[in-house]
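Visitor: Input: one structure, supplied below.
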Amino acid sequence: MTTNIHQHRILILDFGSQYTQLIARRIREIGVYCELWAWDVTEEQIREFNPSGIILSGGPESTTAQGSPRAPEYVFNAGVPVLGVCYGMQTMSVQFGGKVEDSTEREFGYAQVEIKAESALFRGIQDSLNEQGKPSLDVWMSHGDKVTAIPEDFITIASTDTCPFAIIANEEKRFYGVQFHPEVTHTHQGQRILERFVLDVCQCEALWTPASIIEDTVVRLREQVGEDHVILGLSGGVDSSVTALLLHRAIGNRLTCVFVDNGLLRLNEATQVMEMFAGKFGLNIVHVPAEDRFLTALAGINDPEEKRKTIGRVFVEVFDEEASKQAQVKWLAQGTIYPDVIESAASATGKAHVIKSHHNVGGLPEEMKLGLVEPLKELFKDEVRKIGLELGLPYDMLNRHPFPGPGLGVRVLGEVKKEYCDLLRQADAIFIEELHKADLYNKVSQAFTVFLPVRSVGVMGDGRKYDWVVSLRAVETIDFMTAHWAHLPYDFLGRVSNRIINEVNGISRVVYDVSGKPPATIEWE
């Protein structure tokens with residue numbers, strides 16, 4: 001009998017904060033399942049979810065504006081604890097008769113809150129004693145409006161010099177509001193506060209662990225597919241790799257993996273994928289060499305968006321052809337993860353603006369008529385990595401820098417040719433190798449090389465050469481929504497440049513990209 005890892009669950013209502021997914025990840029780290037829903041859910045949906053507690057997120061709106069979002073009334077009638085964060089605290093205050101006003105003194109960044117009263121949520125949690133000898137917390141604020149009068153039956157737990165109601169509580173109903181963001185690392189005791197809310201106030205058990213997730217997923221996969229066969233497109237990336245191992249554990253050789261070698265992979269990647277999954281793990285893999293087909297389809301195409309669509313279209317064609325050979329297959333597996341589900345839901349509202357086609361999302365023909373299996377759809381990326389480790393995948397593989405779905409197709413600028421891909425593969429391998437040797441690889445968030453379709457004059461020995469240019473790119477980021485270019489040491493960059501120019505015949509110049517995001521994107525295309 002497996003543990004019901006969804007037995008205790010937290011519902012997070014999203015009011016639009018940039019940090020909302022971070023709240024969910026923090027709750028999962030505590031070991032408790034949670035889901036993230038839009039703020040305008042119905043009473044029926046909340047009842048069906050049956051949460052042990054509810055968190056109201058922050059958001060960019062103002063409760064003083066007409067028509068601003070409000071928490072559904074049932075949230076406060078469900079008989080479970082509620083934690084309002086920033087905007088969530090403000091809307092809770094207004095809905096219970098308190099007042100919120102636009103503040104002339106906005107708080108963005110570090111603040112110190114002084115704890116003035118006992119609370120079940122904060123008992124024993126503090127960073128230091130302030131000058132008056134009162135316990136205080138170092139927190140991260142990000143708000144313009146502030147509560148100026150708290151509702152009846154609420155008390156003030158803590159305040160700052162400019163925010164008289166930084167923490168409020170109705171202890172009897174177990175309703176709490178914090179004006180700061182406990183989910184960000186800048187709030188030093190933030191994780192302890194969330195743990196106290198989830199484990200003590202909501203009385204959840206920490207059942208959400210990698211081992212229990214694997215056990216639960218295997219049981220559910222067996223229930224879903226029965227004795228049927230499943231097909232999966234295996235890329236060697238984290239998501240498809242973990243999906244493959246979960247399915248293999250659940251149904252064994254009734255899983256067929258199709259590995260499409262499109263000629264746009266990193267150096268020796270196809271060999272590594274086959275050795276790892278067919279060799280070490282014993283998976284049933286169909287290896288499809290399709291470099292010529294992809295490069296032929298890409299010939300003459302310079303537009304980045306058109307390249308992406310072409311790569312996606314050809315992949316679907318190749319995969320469809322292989323799938324049609326597997327007559328016994330009834331299910332298609334995909335490595336969809338929870339942020340993909342959230343993003344798709346947001347796109348369905350019409351509020352999302354497409355900057356680029358998503359690197360890792362594609363469609364398959366409806367005529368395939370296969371059922372869909374998505375073992376990772378409840379998981380964040382960091383959870384997928386932890387499960388991969390538990391399943392025996394190497395740490396280095398699970399923690400490689402992101403690689404786009406179209407591969408080198410979006411790292412060769414302009415038209416994609418075999419010559420360009422071969423040069424880029426060699427140059428990129430040198431860059432990554434040197435990052436590892438200098439212990440810099442894990443200190444940057446993403447690093448790669450871009451092929452520029454321009455020639456530059458160089459000197460080699462006594463002769464001139466007129467060869468291609470590549471750019472090195474390395475960034476530091478927390479969420480990949482914004483990024484700073486990495487300040488790699490000059491001597492390191494010089495060493496990489498020398499190796500590439502001397503070892504890769506056809507490249508005469510190496511440059512380093514010092515663009516941040518925004519205004520640039522991380523990938524060049």
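Here the Cβ of each residue, glycine as well, is placed from N, Cα and C on the backbone.
I grabbed these lines from Swiss-Prot:
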- Cys86: active site, nucleophile (ACT_SITE)
- His181: active site (ACT_SITE)
- Glu183: active site (ACT_SITE)
- Ser235, Gly236, Gly237, Val238, Asp239, Ser240, Ser241: ATP binding site (BINDING)
- 9-207: domain 'Glutamine amidotransferase type-1' (DOMAIN)
- 208-400: domain 'GMPS ATP-PPase' (DOMAIN)
Visitor: Where does Ser241 (ATP binding site) sit by DSSP, helix, strand or coil?
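Guide: SS state of Ser241 (ATP binding site) = helix.
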Visitor: Go through Glu183, Asp239, our recorded positions, and report the one whose Cβ sees the most other Cβ atoms within 10 Å.
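Guide: For the recorded positions Glu183, Asp239, the Cβ with the most other Cβ atoms within 10 Å is Glu183.
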Visitor: Please work out the number of neighbouring Cβ atoms within 10 Å of the Cβ of Gly237 (ATP binding site), leaving out its own Cβ.
Guide: 18
Visitor: At the level of the C-alpha atoms, what whole-angstrom distance separates Ser240 (ATP binding site) and Glu183 (active site)?
Guide: 29
Visitor: Out of Cys86, His181, Glu183, point to the one nearest Ser235 (ATP binding site) in space (Cα versus Cα); all of them are active-site residues in the record.
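Guide: Nearest by Cα distance to Ser235 (ATP binding site): Glu183.
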Visitor: Relative to the Cα of His181 (active site), which of the recorded positions Cys86, Gly237, Val238, Asp239, Ser241 has the closest Cα?
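Guide: Comparing Cα positions, the closest of these recorded positions turns out to be Cys86.
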Visitor: If one looks at the chain holding Gly236 (ATP binding site), which residues at least 6 apart in sequence have a CB under 8 angstroms from its CB?
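Guide: Those within reach of Gly236 (ATP binding site), by Cβ under 8 Å and sequence separation of 6 or more, are Phe259, Leu265, Glu269, Gln272, Val273, Met276, Phe277.
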Visitor: Inside 10 Å of the Cβ of Val238 (ATP binding site), count up the other Cβ atoms and send me the figure.
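Guide: Its Cβ shell of radius 10 Å holds 23 other Cβ atoms.
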Visitor: Which residues, same chain and not among Ser235, Gly236, Gly237, Val238, Asp239, Ser240, Ser241, have a CB within 8 angstroms of the centroid of the CB atoms at the recorded ATP site?
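Guide: Going along the sequence, the neighbours appear as Leu234, Val242, Thr243, Ala244, Gly335.
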Visitor: Using only C-alpha positions, which one of Cys86, Gly237, Val238, Ser241 is spatially nearest Glu183 (active site)? These are the recorded positions in the record.
Guide: Cys86
Visitor: Compute the C-alpha separation of Val238 (ATP binding site) from Cys86 (active site, nucleophile), stating it in Å without decimals.
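Guide: Between the alpha carbons of Val238 (ATP binding site) and Cys86 (active site, nucleophile) there are 34 Å.
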Visitor: To the nearest whole angstrom, state the Cα distance for the pair Ser241 (ATP binding site) and Cys86 (active site, nucleophile).
Guide: 38
Visitor: What does the structure give for the C-alpha distance between Asp239 (ATP binding site) and Cys86 (active site, nucleophile)? Integer Å is fine.
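Guide: Per the Cα atoms, Asp239 (ATP binding site) and Cys86 (active site, nucleophile) stand 33 Å apart.
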